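Trainee: Sharing a structure below in C-alpha cells format, with a few things to ask.
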Amino acid sequence: MKRPNSIVDHLPGALYSAEQVRELDQAAITFEGIRTFELMARAGEAAFACLLGRWGYTESVCVMAGAGNNGGDGYVLAALAALHGMSVSLYTLGNHEQVSAATAEAAQLALDAGVIPQVFEGELDFDGELIVDALFGTGLNATVAGVYADAIWAINAHPADVLSLDIPSGLDANTGCVLGVAVRADMTVTFVGTKRGLLVADGPDLCGEIAFAALSTEAAAAGRLIPDCERISWHRLQQLGQLLPVRTGNSHKGHFGHVLVVGGDQGMVGAVTMAAEAAGRTGAGLVSCATRPEHSVAVLARRPEVMVHGVSSGLELTGLLDSASVLAVGPGMGQSSWSELMLQQVLNSEKPLVLDADGLNLLATPAWFHEFSERNVVLTPHPGEAARLLGLDTIEIQQNRFVAARALAEKYQAVVVLKGRGTLIARPDGRVAVCTDGNSGMATGGMGDVLTGVIAALMAQGSDAWHAARLGVCLHSAAADLAAAEGGSRGLLATDVFPYLRALNNES
Ligand SMILES: NC(=O)C1=CN([C@@H]2O[C@H](COP(=O)(O)OP(=O)(O)OC[C@H]3O[C@@H](n4cnc5c(N)ncnc54)[C@H](OP(=O)(O)O)[C@@H]3O)[C@@H](O)[C@H]2O)[C@H](O)CC1
Ligand SMILES: [K+]
C-alpha cells in the first residue's frame, strides 16, 4: 500500500542530544587520532555531496556562516563549491576574528579557493538559487536575536532553496522548539548522530528532507555504548510491522483477547464507541463496553458487534472486569461521581490497562495518585493532561517533551505515550521511542479515543505495554497518514482512519 514517503527511512535508529553528539565528536577525534578540522572537513564534504545529490551543479550558492564550528562546516562547503566552479557568496555573522582553530583553517580554505567573505549587515544581496545555512548547529544556547534573527528572516523570505548544516539554525537540537526564529530548510544534513529535535515539535516542519552523515565509525561505536536509560530511538510502522500479532487459520476469538472499554459519561458516548470500534478494527477477539445505561442503544446502533453493559455502580463493573483481558479506560469518562466509581474499580483490578483522557485527569488529582509498577499499563496523555499529571503547565511540557515523558513514566511506573508532533513513548527505565508517522490532521476530537482502542487491542493479542504502545502509536499514525494522503489532513475525522487501520493490520 502506497504510503507517504518518509523523511527518515534512511536515518539510523538512535537519536541523540546535542551533548551526546559532542561526546561522539570527541570520541571520533580521540580514537581516530584526528584534529577537529578533519571532522569538520568531512562534514563540509558530506554536505557538499548532499548539495550535488539534491540540486546538482548549482551556478550560484550563498553560504551564511556563524562564528562557531557550524560556520566552519559552511566555510569547507564554500571552498568545495568554488573549486567546482560555482559562484559562491559568503556572509559571516559574529566575530570571525575569534573562531576556533578548526574554523580558522576552514576559513583559510575558502579564501584560498577565492571566496571573499563579507559581513552580513542586515541585507542579503543574493539572487542565486541556493542558500546554505551554517549559522548555528548544536551550539545554539539562547534565543536568536539581533543580526542573527535578521539573517534568518532574510533566508526564510528569500526565494532560493535552503540547505541547513547539522540542524536548521534557531531550532533547539534537544527539544525541537524554535528559539525565537529558525530557518525553514528544504534539506538538512545532520552529522555524526541524528539530533532528537529534528524529529519532534517544530523539527519535522523545519528540516525538510533529512540526510545523515556519520563522519566516523569511531563515533558510531561510541554511540552504541550509551546506556539504555539514556537511549532514545525513532520508529515508524514500516519497521515495527513485524510486531503485529500473527494469526493462524486454526484460531478462534478467544485467542485475540477481550477488550473492555470503560467510559462514556453523559453526552460522551461517541468516545467509547470509537475506542470500541478501534479495538475491533485492530483485531481484538471480543470488545465490550461499560457505559452509562442510557448509552447502550447508541453504541449498538453504530457497532452491533460490541457487547454493551449499562453500569451504574462499581459493583456492576467488577464482574465485567473479571471477564476482560485488557481494560481501555477514560474515553468520554467525565469526572462525575459515576466516573469515580468506575475508576476506583479499575485501579483495584490487576488487569492490563490503557488509561486515557478523563481517567488521567482524575488520576492527576492528589487523592487519586496511583503507581502501576507491577501492572502492564499504558497512559496516553496529550500535553494538557501531561501537565496536570506532573503539576506543570502545558508550555513547560512542550518545551521539553523528552523530559516530560520520562518524568511521567518514572512517576507512575507505567509506559507513557505523550501525544503531539513526534509522539513519544517512554518507559520507566528511561528508554524513549519517537514515532515519526503522523500529520497535523490528527489534532481532532476522537483521535485519542481511537488510539486507546488500538493499543488495548494489541495488548489483548499478547503484546506487552511497551510493544503495544510503540506499535499502536505507529499503526494509528500511519493509518491517519494514509487517510490524509487520500483526502487531505484538514477535515480528517477520527473515524476516517478505520478502513486504513484494518488494512495496515493485515499488511505482512
Ligand atoms: N564538535 C565537533 O567536533 C564538530 C562540530 N561540527 C559542527 O559544529 C557545530 C557545533 O559547533 P559549536 O561551535 O559548538 O557551536 P555552533 O557553531 O552551533 O554555534 C555557533 C556559535 O554561536 C554562539 N551562539 C549560540 N547561540 C547563540 C545565539 N542565540 N545568538 C548568538 N550567538 C549564539 C555560540 O557562542 P557562545 O560564545 O555564545 O557559546 C557558538 O559558538 C555542530 O553543529 C556541527 O555543525 C562539525 O560538523 C563536526 C565536528
Ligand atoms: K545550521
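Placed from the backbone N, Cα and C atoms, the Cβ positions cover glycine too.
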Trainee: Among G391, G445, G446, G448, indicate the single residue that TrEMBL lists for the AMP site containing K419, G420, R421, G422, T423.
Mentor: G448
Trainee: For the K(+) site that TrEMBL gives with D133, S169, which of N69, N70, N250 also belongs there?
Mentor: N70
Trainee: Scan N70, S169, G332, G422 for binding-site residues whose C-beta lands under 6 Å from an atom of ligand 1 and note them, or write none.
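Mentor: Going through N70, S169, G332, G422 in sequence order, those close to ligand 1 turn out to be N70.
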Trainee: Using CB atoms and a 10 A radius, I'd like the single residue among the binding-site residues K419, R421 with the highest neighbour count.
Mentor: K419
Trainee: Taking only C-alpha atoms and a 10 A limit, tell me which of D133, S169, G420, G422 are near G72 ((6S)-NADPHX binding site). These are the binding-site residues.
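Mentor: Near G72 ((6S)-NADPHX binding site), where near means Cα within 10 Å, there are no binding-site residues at all.
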Trainee: Under DSSP, is Y148 ((6S)-NADPHX binding site) helix, strand or coil?
Mentor: helix
Trainee: For N70 (K(+) binding site), list the number of other Cβ atoms lying within 10 Å of its Cβ atom.
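Mentor: Total other Cβ atoms inside 10 Å, all chains included: 26.
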Trainee: For G332 ((6S)-NADPHX binding site) and G448 (AMP binding site), what Cα-Cα distance in Å is obtained after rounding to a whole number?
Mentor: 10
Trainee: Under 8 Å Cβ to Cβ from N141 ((6S)-NADPHX binding site), same chain, six or more residues apart: give me those in sequence order, or none if nothing qualifies.
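Mentor: Once residues fewer than 6 apart are set aside, N141 ((6S)-NADPHX binding site) is near nothing.
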Trainee: With the Cβ atom as the reference point and anything under 6 Å counting, tell me which of the binding-site residues (N69, G422, T423) are near ligand 2.
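Mentor: By the Cβ criterion, which requires under 6 Å to ligand 2, there are no hits.
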